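**Q** Right, I'll just put the structure down here and ask away after.
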Amino acid sequence: MSKKVEVNKVVVAYSGGLDTSVIIPWLKENYNCEVIAFVADVGQGEEELEGIEAKAIASGATECYVVDLKEEMVSEYIFPTLKTGALYEGKYLLGTSMARPIIAKAQVEVARNVGADALCHGCTGKGNDQIRFEGAFAALAPDLHVIAPWREWDLVSREECLDYLAERNIPCTASLTKIYSRDANAWHISTEGGVLEETWNAPNDDCWAWTVDPEQAPNESETISLKVEKGAVVAVDGKAMTPYEVVVYLNEKGAKHGVGRIDIVENRLVGMKSRGCYETPGGTIINEALRAVEQLVLDKTSFEFREELGIKASHLVYDGRWFTPLCKSILAASEELAKDVNGEVVIKLYKGHATVIQKRSDNSLYSEEFATFGADEVYDQSHAEGFIRLYSLSSRIRALNSK
């Protein structure tokens with residue numbers, strides 16, 4: 001966006017960190033506009049949110065709105081995505097990606113409520129988040145201007161940002177040295193930068209924030225029971241919980257046993273690769289439980305289709321295409337497939353592993369009578385001959401034609 005565009009009131013996605021603390025006064029100076037701070041509570045922790053309104057006002061914001069999005073994020077964004085089986089590039093449970101559309105949606109709602117004519121985010125010009133936010137803004141509020149300071153200003157270092165605030169007597173608790181870049185919400189925490197920028201470096205202990213080292217985890221395993229209804233975990237160990245409560249509870253259980261760690265080099269949407277240490281303890285447990293019930297209740301073609309949905313959904317969510325017809329269609333299809341995904345799963349947690357050890361479902365298609373190798377009381381093996389001849393017919397014809 002050009003600086004020549006005139007705006008009167010801007011709603012900025014504010015985190016309380018160094019970048020967004022600089023953005024508020026920068027917006028006022030460069031756009032001569034009123035700045036409203038919007039804070040999304042997505043479960044990043046009380047420590048991150050403590051005193052954040054006062055900090056935003058001290059930076060120059062007229063008002064600061066803190067919006068609790070935790071329950072909605074898990075129930076309306078994370079759990080529906082889980083039903084698709086989405087794992088970006090086979091490993092990543094999309095912790096950061098799934099939080100962005102609801103943050104953008106809530107930011108637009110605040111902008112509408114206060115009569116703002118512009119939106120602002122603090123994403124850099126190298127990452128995925130700029131695309132996720134601006135893609136959501138385009139779908140939800142195409143009439144609002146979007147300001148991306150990192151693509152406009154000439155500040156290039158933490159030192160320059162700190163100097164910028166000091167020159168304006170704006171208080172800031174950030175330090176000059178920041179080893180890692182972290183992003184946390186109720187679902188996961190990511191750690192990037194520092195030693196991780198060299199792929200040959202093994203992660204340090206401080207690359208992990210939530211989970212214990214699996215080698216240092218308890219020597220005694222722990223089992224938990226999860227009740228699944230329509231592709232969502234609704235109770236743990238016999239206690240009914242909301243989706244958010246399920247995630248919080250299982251995060252604590254999984255972290256204690258070192259569950260949910262991945263060290264991944266992923267393909268960013270902008271073309272470059274990035275490395276990060278991601279922790280999703282509760283999500284890893286939930287994903288194992290859902291896939292276990294699916295094994296019982298989905299027939300072969302439904303299971304294959306659900307896998308295809310998962311791959312496509314992972315890219316749509318990662319690429320910031322949540323508010324698109326295709327994403328809505330995939331979520332609707334997975335919702336239909338999940339109608340029979342009901343059951344109970346027992347998972348053993350032990351030194352970094354979440355292992356399914358028991359599973360059952362009233363909708364199970366598994367039949368012990370059909371699967372055993374005993375007497376043919378319910379399955380006549382001679383019937384297989386005709387099926388095989390038809391199944392291999394195209395191969396037979398191709399072979400005959402080649403002679």
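Here, residue 1 is simply the first one shown, and the rest follow in order.
Cβ coordinates come from backbone N, Cα and C, glycine included.
On a predicted model such as this, the values are computed, not experimentally measured, just so you know.
According to Swiss-Prot, the protein has these features:
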- Ala13, Tyr14, Ser15, Gly16, Gly17, Leu18, Asp19, Thr20, Ser21, Ala40, Gly122: ATP binding site (BINDING)
- Tyr92, Ser97, Asn128, Arg132, Ser181, Ser190, Glu266, Tyr278: L-citrulline binding site (BINDING)
- Thr124, Asn128, Asp129: L-aspartate binding site (BINDING)
**Q** What's the most sparsely packed of the binding-site residues Ser21, Asn128, counting other C-beta atoms within 10 A?
**A** Asn128
**Q** Just how many other Cβ atoms lie inside 10 Å of the Cβ on Ser97 (L-citrulline binding site)?
**A** 24
**Q** If you run the three-state DSSP split on Asn128 (L-citrulline binding site), which class comes out?
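**A** Once the DSSP labels are grouped into three classes, Asn128 (L-citrulline binding site) ends up as coil.
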**Q** Looking only at Asp19, Asp129, which of these binding-site residues has the biggest number of Cβ atoms within 10 Å around its Cβ?
**A** Asp129
**Q** Across all protein chains in the structure, which of the binding-site residues Gly17, Gly122 has the highest Cβ count within 10 Å?
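**A** Answer returned by the neighbour count: Gly122.
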**Q** Need the DSSP three-state call for Tyr278 (L-citrulline binding site) to compare against my parser.
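**A** Its secondary structure by DSSP: strand.
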**Q** Count the Cβ atoms, other than its own, that fall within 10 Å of the Cβ of Ser181 (L-citrulline binding site), considering every protein chain shown.
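**A** Within a 10 Å radius of the Cβ of Ser181 (L-citrulline binding site) lie 15 other Cβ atoms.
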**Q** For the binding-site residues listed here (Tyr92, Tyr278), tell me which residue's CB has the most neighbouring CB atoms inside 10 Å.
**A** Tyr278
**Q** Around the L-aspartate site formed by Thr124, Asn128, Asp129, list the extra residues of the same chain whose Cβ is within 8 Å of the site's Cβ centroid.
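**A** Counting only non-site residues, the set is Cys123, Lys126, Gly127, Gln130, Ile131, Arg132, Val270.
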**Q** Using DSSP and collapsing to three states, where does Ser21 (ATP binding site) fall: helix, strand or coil?
**A** helix
**Q** Out of the binding-site residues Ala13, Gly17, Asp19, Ser21, Gly122, give me the one sitting nearest to Asn128 (L-citrulline binding site) by CA distance.
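**A** So, spelling it out, the nearest of the binding-site residues is Gly122.
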**Q** Can you tell me how spread out the ATP site is, meaning the largest CA to CA distance among Ala13, Tyr14, Ser15, Gly16, Gly17, Leu18, Asp19, Thr20, Ser21, Ala40, Gly122, in Å?
**A** 17
**Q** By the DSSP assignment reduced to helix, strand and coil, which category contains Ser97 (L-citrulline binding site)?
**A** helix
**Q** Taking the residues the record says bind L-citrulline (Tyr92, Ser97, Asn128, Arg132, Ser181, Ser190, Glu266, Tyr278), how far apart in Å are the two Cα atoms that sit farthest from each other?
**A** 19
**Q** Looking at the binding-site residues Ser15, Thr124, which one has the fewest other Cβ atoms within 10 Å of its own Cβ?
**A** Thr124
